Amino acid sequence: MTSWTSSQFLYEETKPCGIQFLERFKRSGRLSFKQYQALVFTLTFVAYIAFHAARKPNSIVKGTLSASTVRGGWSPFDGPDGTALLGQIDLAFLSVYAVGMFVAGHLGDRLDLRTFLTIGMIGTGLFTALFGVAFWANFHSFYYFLAVQVLAGWFQSIGWPCVVAVLGNWFDKKRRGMIMGVWSAHTSLGNITGSLLASGLLRYGWGWSFLGPALLITFLGLVVYFFLPVNPPTVGAERDGTEVDSTMRLGDTITESFLGSRMSTGLDRKAIGFTAAWKIPGVAPFAFCLFFTKLVSYTFLYWLPFYVSHNMIGGEYLSEETSGNLSTLFDVGGVVGGILAGYVSDQLDGRAITAAGFIYLAIPALFLYRIYGHISLTINIILMFISGVFVNGPFALITTAVSADLGTHKSLKGNARALATVTAIIDGTGSVGAAIGPVLTGYISEISWDAVFYMLMTAAFISGLLLTKLIITEVKAMLYGSEEEGGVATTSSPATRAPIDVLL
């Protein structure tokens with residue numbers, strides 16, 4: 001397929017050479033649209049599993065680095081302030097990740113997403129490996145570890161805007177909630193994969209715990225570069241007669257071929273600016289909602305194993321290893337919650353209603369876990385799983401389906417160059433909350449764990465309140481069968497809906 005270049009962007013779109021290779025084995029000489037969708041789903045899924053797996057070695061080796069024994073400790077983390085230094089590294093990583101998300105999203109709508117994502121994956125692999133290199137090179141400078149984590153956080157921030165934008169290009173909104181709900185399981189699976197890989201290699205030296213995930217994400221980065229199709233026009237993919245491209249909107253012209261008119265899909269329009277993206281109806285409420293939602297989720301991610309091991313369950317304290325294994329049930333609940341939230345939002349055609357519903361249900365779930373989780377191991381497991389469903393369900397929904405919906409909002413009039421920017425704004429704002437939550441917990445837990453849970457429940461309540469206006473809009477759309485400006489609901493009666501207004 002002939003490539004094309006737009007003067008408004010900094011890249012040339014071409015069909016990946018891996019796709020050209022696969023087409024040689026097809027009688028028709030081309031892949032079907034569903035095969036492209038399966039390829040995109042799989043590649044973006046495993047890519048973000050690798051991103052999350054590369055984040056886990058830090059938490060796995062903390063005990064080894066901060067151990068007081070000569071054999072286990074590693075300067076400068078083996079001193080009395082070792083835990084604080086490790087906390088500073090985590091804070092630096094999350095802070096740079098949050099800021100980098102905004103920049104990466106802005107660039108993602110102007111660069112080739114396939115190449116940009118590959119750079120993020122290989123860069124993440126490089127600096128994850130460099131952290132482990134200190135083991136063999138005998139590096140002990142705190143600033144070396146800090147600098148490596150800062151740069152790792154920067155490259156990590158490239159991943160999310162890219163994978164959501166690519167997935168949004170291939171799946172329309174009608175099925176996007178359920179599909180992205182299943183797809184969002186990569187977060188939990190990545191955490192589990194990273195934990196198992198880093199733990200398994202730790203026996204050979206803590207440096208290997210970083211090198212393993214680094215090699216994994218580097219290899220998958222190359223696979224992404226050779227095989228990932230960014231959007232249908234680039235590879236000449238055509239839908240069947242029952243489907244319409246997710247970037248088409250009212251006023252666009254449907255053509256028989258996606259290559260017939262790039263203007264009809266909005267792929268050569270000017271990329272949207274950062275300020276303009278904030279003004280898209282629904283972006284700001286969901287972004288600030290995710291700030292508090294992610295604050296709750298990441299507090300559990302960083303502190304749940306510690307909380308479990310330092311609170312009696314069934315009259316006894318669990319070991320660090322058992323506590324770590326038990327805490328993975330929160331992630332399992334998150335997988336179920338993400339899928340369930342996506343399915344419900346598709347059925348209701350209301351993202352805000354679903355997200356807020358899960359968030360409000362998370363409040364009593366957190367309360368019950370704190371009050372009754374200590375009674376027995378069985379009760380703790382059940383309540384932890386339920387908390388994971390309602391805490392991570394809206395987190396997964398907002399960062400995937402909602403971001404993709406808003407990145408193709410009707411106010412953009414078919415301009416497809418907003419997905420990465422909108423995704424970065426929403427998840428970047430949420431990542432600020434993700435950095436703040438664990439830090440606050442470190443201080444508040446010294447007062448009491450009750451205070452920590454009250455903080456989390458308050459954050460969840462505020463998160464739900466921020467969606468109130470959008471909920472009202474979606475309810476009106478359900479009752480009156482019409483769209484309201486500023487909402488994410490899309491329901492309209494068949495008699496009044498324009499033929500190609502299939503999304504927003």
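Every residue, even glycine, has its Cβ placed from backbone N, Cα and C.
As the structure is a computational prediction, the values presented were derived from the model and not from experiment.
Under the heading transmembrane segment, TrEMBL lists 36-54 (among others).
For the domain 'Major facilitator superfamily (MFS) profile' (42-476), the model's average pLDDT works out to 82. Under the heading domain 'Major facilitator superfamily (MFS) profile', TrEMBL lists 42-476.
According to TrEMBL, the feature transmembrane segment maps to 84-104 (among others). If you look at the transmembrane segment (84-104), the same-chain residues 6 or more away from its ends with a CB under 8 A from one of its CBs are 58, 62, 65-66, 76-77, 116, 120, 142, 145-146, 149-150, 152-154, 156-158, 160-162, 274, 298, 302, 420, 424-425, 427-429, 431-432, 434-435, 438-439, 442.
Per TrEMBL, the feature transmembrane segment maps to 116-136 (among others). Within the chain carrying the transmembrane segment (116-136), a Cβ under 8 angstroms from the stretch's Cβ atoms is held by residues 47, 50-51, 54, 57-58, 74, 104, 107-108, 144-145, 148-149, 151-152, 154-159, 162-163, 166, 205-211, 213-218, 220-222, 224-225, 228, all 6 or more beyond its ends.
Annotation source TrEMBL lists transmembrane segment at 142-167 (among others).
Taken from TrEMBL, the feature transmembrane segment applies to 179-202 (among others).
Summarising the annotation, TrEMBL assigns transmembrane segment to 208-228 (among others).
Marked as transmembrane segment by TrEMBL: 283-304 (among others).
Taken from TrEMBL, the feature transmembrane segment covers 352-372 (among others).
What TrEMBL lists as transmembrane segment is 378-406 (among others). Listed as Cβ neighbours of the transmembrane segment (378-406) (distance under 8 Å, sequence separation of 6 or more from its ends, same chain) are residues 160, 164-165, 167-168, 171, 173, 176-177, 180-181, 183-184, 187-188, 280, 282-283, 286, 289-290, 293-294, 296-297, 300, 304, 308, 313-314, 326-327, 329-338, 340-342, 345, 351, 354-356, 358-359, 361-362, 365-366, 368-369, 372, 419, 422-423, 426-427, 430, 460, 463, 488, 503-504.
For the transmembrane segment (418-440), same-chain residues at least 6 beyond its ends with a Cβ under 8 Å from one of its own Cβ atoms are 87, 90-91, 94-95, 97-99, 101-109, 113, 157, 160-162, 164-165, 168-169, 271-272, 274, 277-278, 280, 283, 286-288, 290-299, 301-303, 395, 398-399, 402-404, 406-409, 412, 455, 459. For 418-440 (among others), the entry in TrEMBL reads transmembrane segment.
Same-chain residues lying 6+ beyond the ends of the transmembrane segment (452-472) with a Cβ under 8 Å from its Cβ atoms: 282, 285-286, 288-293, 295-296, 299, 303, 350, 352-353, 355-356, 359-360, 362-363, 366-367, 369-370, 391, 394, 433, 437, 440-441, 444-445, 486-488. According to TrEMBL, the transmembrane segment annotation covers 452-472 (among others).
Within the same chain, residues 40-41, 44, 47-48, 51, 54-55, 58, 76, 85, 88-89, 92-101, 103-105, 108-109, 113-114, 116-117, 119-121, 123-124, 126-128, 130-131, 134, 180, 183, 228, 230-231, 399-400, 403-404, 407, 419-421, 423-424, 427-428 sit at least 6 positions outside the transmembrane segment (142-167) and bring their C-beta atoms closer than 8 Å to a C-beta of that stretch. Between the transmembrane segment (208-228) and the stretches 36-54, 179-202, 283-304, it is 36-54 that has the most C-beta pairs under 8 angstroms. Within its own chain, the transmembrane segment (283-304) is flanked in space by residues 59, 90, 94, 191, 277, 327, 330, 334, 352, 355, 359, 362, 366, 384, 387-388, 391-392, 394-395, 398-399, 402-403, 406, 422, 425-427, 429-438, 440-441, 445, 452, 456, 459-460, 462-464, 466-467, 469-470, 488, which lie at least six positions past its ends and keep a Cβ under 8 Å from the stretch.
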